[in-house]
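Take a look at the structure below.
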């Protein structure tokens, strides 16, 4: 009898676990498991949501699935939010728009930090007035776009902590910091040439590093005043790498073998540093920032 009861309990438990729909991995802001959106529509939504995150720091993600199975859309949305961790940690400025297409149900799940801006009433209104009318006409892209645009408008009206990189142009400033970094290794040789020849022959290594130190110090002083923390980190990393390279060349490898010259050495090293910087900046995908939700938001059907 006990064995039969245990078997029954195991079967029931297994069926419950089997009924739970898995949460897909978060790789981008728009995840469509139903092929409802074409590539251009998905890219358009992705660009809009990426622009919002760059401007405000908040994260909005869209998930389209066939069904939540036996689980309510509210419970499934919470599980997705917990796993994806939308929004910044401590700010909790994330929003999930979940569409269960075959169930004809949808949910707007709001992070703690945005519950004042996107109230349950406003979320319900967005569903009723912006999303479901388009869904009833079969226009899923139009409904999702209208819904995310309305949510983005509410987020833009909320006072949130400045995103990392804020209102600057990171690509331009990072390029400028790289120019400053490489410039010091071209300015230093010019200063070296102005040193008297008798002394220079006896102190070839010392004179170069002295000039590099002088130029680097002046450059760092300027960077500390004008550049952002991210640019400073990039500058310090590249500088440390170059210094390590030069120390290796001058201390480990004999000068007679290497026949090292200031001009060719800085040029070749610049090329190596540029390629490593380029490869290091590639890669990516989208990920949550550590945010959480308390169950705020609204659900609807069409």
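Backbone N, Cα and C atoms are what each Cβ position is placed from, and that goes for glycine too.
TrEMBL has this to say about the protein:
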- 1-20: signal peptide (SIGNAL)
- 30-152: domain 'TPM' (DOMAIN)
- 173-192: transmembrane segment (TRANSMEM)
- 208-227: transmembrane segment (TRANSMEM)
- 233-255: transmembrane segment (TRANSMEM)
- 265-280: compositional bias 'Low complexity' (COMPBIAS)
- 265-302: region 'Disordered' (REGION)
- 281-302: compositional bias 'Gly residues' (COMPBIAS)
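Across the domain 'TPM' (30-152), the model assigns an average pLDDT of 96. Note on the compositional bias 'Gly residues' (281-302): DSSP counts are 1 helix, 11 strand, 10 coil.
Mapped onto DSSP classes, the domain 'TPM' (30-152) shows 63 helix, 25 strand, 35 coil.
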